[in-house]
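Participant: The structure's right below; bear with me while I get my questions together.
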């Protein structure tokens, strides 16, 4: 009987070993499942946190956009221009030292104070100035005079103004003006040289002109004049009747106003006795 039962022992031992081995794998699998579950929970928590962060970020971006919209609206919704007496020192400088367009027989003048790094100046140059040029300057009704007013917080504006004035010395102010506004995000001394080359200017002369302190002083004089007139932002415009070399009965327009605003003021001055 013992010899009959004895062969069962290896089977029992083998079964026990297999069982123990299987239990060990099962325990390891359970541990891995728990670890995976924990990692999954942590990942889900991280995703939820990221979603909350994104929602907060979207709210902040929306608030910033609204603030920018409000600022833009304030800048664009400038009250209707009002008459403002001009000081006697507002000379038109019709001797060619300042950039100007229009007929010598024009009875109305627009004096612009602008900044080449100002986005609202670019907006005016792109959207409003072409219609003024077509309907009033080219028709001989208006003389248009450009003055510089680079704002302190626009680091490239003064250099751009000097570049434009140096282009004026070679008869290409208005072409350079367009080029500067088209490159408003890329203004730099190197870019001014490149633009001068594109306009076929004498580069050596342009370079010497750009380093001449007299042109910086001319820009500073325009800034001083603007300050004396109470101008604090760009673009700003004085529109009035030409009497000799002075602008009289002037009106002030501030901001990148639409064409209709300018035409209303110009027509009212033309119609005035």
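Cβ atoms are placed via backbone N, Cα and C, with glycine included.
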Participant: Look up coiled coil in TrEMBL and report which of 40-67, 68-95 it refers to.
Facilitator: 40-67
Participant: How does the model score the domain 'Thioredoxin' (80-271) in terms of mean pLDDT?
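Facilitator: So the average pLDDT across the domain 'Thioredoxin' (80-271) works out to 91.
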